[in-house]
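Notes follow once the structure below has been shown.
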Amino acid sequence: MAVFLLATSTIMFPTKIEAADCNGACSPFEVPPCRSRDCRCVPIGLFVGFCIHPTGLSSVAKMIDEHPNLCQSDDECMKKGSGNFCARYPNNYIDYGWCFDSDSEALKGFLAMPRATTK
């Protein structure tokens, strides 16, 4: 009887698993990125990026290493010569930030952005 109920429940209530569509442009400030928790937004500019599926993260790690402004630490910014402060994106889905000079007006605007988007 239990086997019959189990078999009929899968027939009556089929589950459809769809893969996330991780294509197109995105904003590093968008939560969840790319309209799906299964995707990640990789910035190519301060406010714009492209969507990827996490299986492509090894190529993303290489891109972060090669991108002059993407960073994971202040030391990385100094090593790349693109600033001395790594400002993290206010998005839990993004594990890196953007390099700034710590006394720049651009940094002040970037740090004010999360407050502006949550109001």
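Using N, Cα and C of the backbone, Cβ positions are placed for all residues, glycine too.
Here Swiss-Prot flags C22-C39 (among others) as disulfide bond. Cβ neighbour count for C22 (disulfide bond) (all protein chains, 10 Å cutoff from its Cβ): 21. Annotation note: C22 (disulfide bond) sits in a coil segment as assigned by DSSP.
Annotated disulfide bond per Swiss-Prot: C26-C41 (among others), in sequence order.
In the structure as shown, the Cβ atom of C51 (disulfide bond) sits within 10 Å of 20 other Cβ atoms. Annotated disulfide bond per Swiss-Prot: C34-C51 (among others), in sequence order.
The signal peptide annotation in Swiss-Prot covers 1-19.
In the three-state DSSP classification, C51 (disulfide bond) falls within a strand.
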